[in-house]
Amino acid sequence: MELGKTKRVHIVGIGGAGMSAIAELLLKSGFAVSGSDLSTGEVTDKLQQHGAVIYRGHEAGQVADCDVVVYSSAVRPDANVEISEALKSGIPVVKRDEMLGELMRYKSGICVAGTHGKTTTTAMIATMLIESGESPTVMIGGVSDYLKGSTVVGEGRYMVIEADEFDRAFLRLTPTIAVLNSLESEHMDTYGTLDELKRSFIEFANKVPFYGRVICSVDWPEIRRIIGSLNRRLTTVGIEEPADVTAGDIVMDHGRATFTITAFGTDYPGVCLNVPGRHNILNALSAFATGLELGIEPERLIAGLGRYSGMRRRFQVKFRDSRGLMVIDDYAHHPSEVKATVKAARSGWPDARVIAVFQPHLFSRTLEFADEYGWALSRADGVYVAAVYPSREKQEDFPGVDGALVAEAVRRAGGRQVAFVPDRDELLAAVLNEGAEPAPGGTILLFMGAGDITVLATEVAGRVSGGEGHARA
């Protein structure tokens, strides 16, 4: 059967970020889509509005009459009744990334990989291409207001994809341009060692055809260490390290950055980015280098970067008022991401009090990185650590591991006003009290984590709005 003859696709775990994005892409491409998840909500409601059939819970009969079943790495195929029924009935069962790889066959693929920043960089590339008159197909593991969602089905030849390294998913993709945005220890439950993770990044980059290109962000030491193993055409980007594409004359001011890009010896001054942080400038350099490789005029690329307005849960300002109180929601869940997010708040609003509200994600990650979280959070004026968000893990498998490990690490690193508050209501009250404290330079309530801390951020934004300023979901 050819993909074009496939009529109905059933997706197990359709409510997840990556799965809902591919469901949206399939719907917009004309496929009939059904899907199941243990819980439903805003994401599945939106898919239903686009025509998907959504089931709450998993039942064998829900895969009847479908042509293929797609599932994510978070689903155990041997423990899911729908997958078992599909296999018994002779219905093909594939992982999400295999389906994505099939959809890429008809396009020139631009794939952004990295342990950090890939969502933002993918969205920047998509914004630049659209603003330059291209009509790309786009799939991102996050929500962009500019794109009005996480996917775009375009008529042009380019497909821009966020390439996830978890479970080696990105190795099933076929990029023409591969962006290596960052690389450090992550997903050790998949890889076991950093060396094994690096080998997968090398394999991913070398999947690029001889006429393609690999964009490497060399400010990351582990990327510098693997460059010698990449046998494709390379472009390097960096701020701290010598590179083909660099940034200088950097000025940060209240959530905006202006700078000069120097690409292959030519200066392009006056670049404006409407999101804070040096890490976002580095992301912009990767996007700019990608645009140059596609032959787009630099002036159009710069204009496109100026239109980039951020992603939901990537330093998303959910509330601000005239007193300088801000509620910011960010997906940061790795120590490097937490450090960059706190630093962005500090550099963008140097006179403000920064109160970090951090929810550790996964017991295994909390155990592995507790000390690193301590250093990353210690630059905030106050730190509240929530209970660990378990996701796919169980507390009983990690005795003694909780948010207290992170709180103690923050204290050892010199952090001020540190508290571990596992009770949600107590945490809500404490954060609201912080927001009510007068501060001459304002107060930033900075929520970070990959779990449901975003729900608390939304509630705080609603509580403090009081009719002044603006609150956003």
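Using N, Cα and C of the backbone, Cβ positions are placed for all residues, glycine too.
Given the structure is predicted, the values throughout are model-derived calculations rather than measurements.
The Cβ of T120 (ATP binding site) lies under 8 Å from the Cβ of V275, N280, N283, G310, M311, R314, each of these being in the same chain and 6 or more residues away along the sequence. The annotation ATP binding site is assigned in Swiss-Prot to G114, T115, H116, G117, K118, T119, T120 on the grounds of sequence analysis.
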Requested in this report: Look at the binding-site residues H116, K118 and tell me which residue has the greatest number of other C-beta atoms within 10 angstroms of its C-beta.
Outcome: K118
Query raised in the report: Taking T115, T119 as the binding-site residues to compare, which has the smallest set of other Cβ atoms within 10 Å?
Result: T115
Query raised in the report: Hey, what's the Cβ neighbour count for G117 (ATP binding site) at 10 Å?
Result: 24
Query - Residues satisfying Cβ distance under 8 Å from G114 (ATP binding site), sequence separation of at least 6 - result: T121, E165, V179, L180, N181, S182, L183, S217
Requested in this report: Taking the recorded ATP site as G114, T115, H116, G117, K118, T119, T120, identify the other residues of that chain whose CB atom sits within 8 Å of the mean position of the site's CB atoms, giving them in sequence order.
Outcome: V112, T121, N181, S182, N283
